[in-house]
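Pulled from TrEMBL, these are the features on record:
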type    : residues                    : note
BINDING : CYS38, HIS64, GLU65, GLU144 : Zn(2+) binding site
DOMAIN  : 25-132                      : domain 'Alcohol dehydrogenase-like N-terminal'
DOMAIN  : 221-295                     : domain 'Alcohol dehydrogenase-like C-terminal'
Amino acid sequence: MLNTVYQLVRPRQFEVVFKDITMDDKHVIVHPTHLSICNADQRYYQGLRAEAVLKKKLPMALIHEGIGRVIYDPTGHFEQGTLVVMIPNTPVEQDEIIAENYLRSSKFRASGFDGFMQEYVSMEPDRLVILPEDINLSVAAFTEIVSVSYHAIQRFLRFSHERRNVIGVWGDGNLGYITSLLLKKLLPNTKVCVFGVNEYKLNDFSFVDDTYLVTDIPEDLHLDHAFECVGGAAASKAINQIIDYINPEGTISIMGVSEDLAPINTRMVLEKGLRIFGSSRSGRADFQGLINLYKEHPEVVNHLEKIVGAEIKVRSIADMTKAFESDIHKIMGKTVMIWDN
Ligand SMILES: NC(=O)C1=CN([C@@H]2O[C@H](COP(=O)(O)OP(=O)(O)OC[C@H]3O[C@@H](n4cnc5c(N)ncnc54)[C@H](OP(=O)(O)O)[C@@H]3O)[C@@H](O)[C@H]2O)C=CC1
Ligand SMILES: O=C(CO)[C@H](O)[C@H](O)COP(=O)(O)O
Ligand SMILES: [Zn+2]
């Protein structure tokens with residue numbers, strides 16, 4: 001079957017290519033309906049990655065956050081028309097210790113191979129998870145980034161000591177919003193404080209216990225653990241501020257992506273006996289766990305509706321460019337492409 005794939009060929013330039021999908025009895029064909037833009041897509045779109053990385057990875061279809069409907073399933077797992085979320089991580093082996101998203105052999109959509117900006121996506125059935133039919137479709141579109149927070153919190157529960165009276169979340173953007181929301185739901189007795197640089201963004205964090213501007217943190221404030229959800233050039237500043245305020249033997253979860261090395265105060269990491277761990281991406285178990293959480297706590301989805309930003313109908317390359325450009329200039333929230341291709 002001939003498929004239309006919308007690839008980024010160079011920064012700010014999409015082109016159409018036609019690729020053959022081999023129809024076999026192992027792959028499910030999904031028609032994407034709602035796609036959400038991640039900062040990682042923007043780093044390719046704007047050409048913010050190193051020249052050598054762009055040269056190696058492009059041309060490539062962007063987007064690793066998306067949902068769609070099953071068009072054809074020879075494997076017998078899904079009825080035609082079933083609403084599914086697509087899992088971008090694609091493992092080729094299993095390991096009893098290393099999670100699927102950390103296996104160096106795993107491929108990831110829109111990083112190592114074509115993402116979801118396609119007319120049809122061919123996937124193995126275990127890369128699809130059924131969504132509730134009544135879910136808000138724009139929220140469902142960014143299930144992947146929420147599953148990344150879910151994954152990091154599950155690891156945090158394994159790695160951190162059990163005094164979890166106060167947790168700090170650095171970052172007043174989408175990932176900070178999602179992570180503090182899930183922390184509040186998964187650890188209801190923990191005080192969650194969010195630290196940011198924009199008062200107007202912090203005002204939206206209605207479900208947390210306290211918010212602070214990073215320039216105005218009380219000296220006597222102490223945290224048991226913290227999550228960094230900033231990334232970019234400011235990540236180093238955020239991590240060092242966490243190191244200043246965290247209690248001894250606390251755990252720091254790093255989630256933000258930086259292009260450059262981030263110097264950190266290792267002397268104080270040693271003196272306080274801190275544990276620092278990183279998390280990237282997520283796997284099937286995280287998607288499943290999160291969707292169960294959505295079913296048990298529908299109010300989580302209601303809070304996530306607040307970070308649905310622009311919802312842009314996309315039919316042409318001009319519309320794709322419009323969506324990515326509008327995402328660059330957004331104030332807050334996730335840009336969702338209503339995919340009509
Ligand atoms: N580990 C993973 O698998 C994933 C990682 N990410 C990464 O996480 C990072 C955050 O993503 P996302 O939330 O979508 O991006 P956003 O840009 O929405 O959020 C970052 C926020 O942090 C704010 N900020 C800047 N400096 C500081 C500071 N010193 N302290 C606290 N907050 C600060 C920014 O404000 P302002 O805009 O005013 O600068 C912005 O609001 C990115 O690097 C992204 O690539 C995302 C998804 C998955
Ligand atoms: O956004 C992410 C997961 O949702 C990750 O940050 C992203 O996959 C990193 O990949 P890349 O190396 O291509 O930036
Ligand atoms: Zn992402």
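Just so it is clear, glycine is given a Cβ too, placed from its N, Cα and C backbone atoms.
Features per TrEMBL, on structure.
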{"residue": "CYS38", "record": "Zn(2+) binding site", "Cβ within 10 Å": "24"}
{"residue": "HIS64", "record": "Zn(2+) binding site", "Cβ within 10 Å": "24"}
{"residue": "GLU65", "record": "Zn(2+) binding site", "Cβ within 10 Å": "29"}
{"residue": "GLU144", "record": "Zn(2+) binding site", "Cβ within 10 Å": "26"}
Local backbone state of CYS38 (Zn(2+) binding site), from DSSP in three classes: coil
Cβ within 8 Å of the mean position of the Cβ atoms of CYS38, HIS64, GLU65, GLU144: remaining residues of the chain near Zn(2+): SER36, ALA40, ASP41, ILE63, GLY66, PRO88, ALA110, PHE142, ILE145
Integer mean pLDDT for the domain 'Alcohol dehydrogenase-like C-terminal' (221-295): 98
In three-state DSSP terms, the structure that GLU144 (Zn(2+) binding site) belongs to: helix
DSSP-derived class (H/G/I helix, E/B strand, else coil) of HIS64 (Zn(2+) binding site): coil
DSSP-assigned states of the domain 'Alcohol dehydrogenase-like N-terminal' (25-132) in counts, ordered helix, strand, coil: 17 helix, 36 strand, 55 coil
Residues of the domain 'Alcohol dehydrogenase-like C-terminal' (221-295) by DSSP state, where helix covers H, G and I: 33 helix, 14 strand, 28 coil
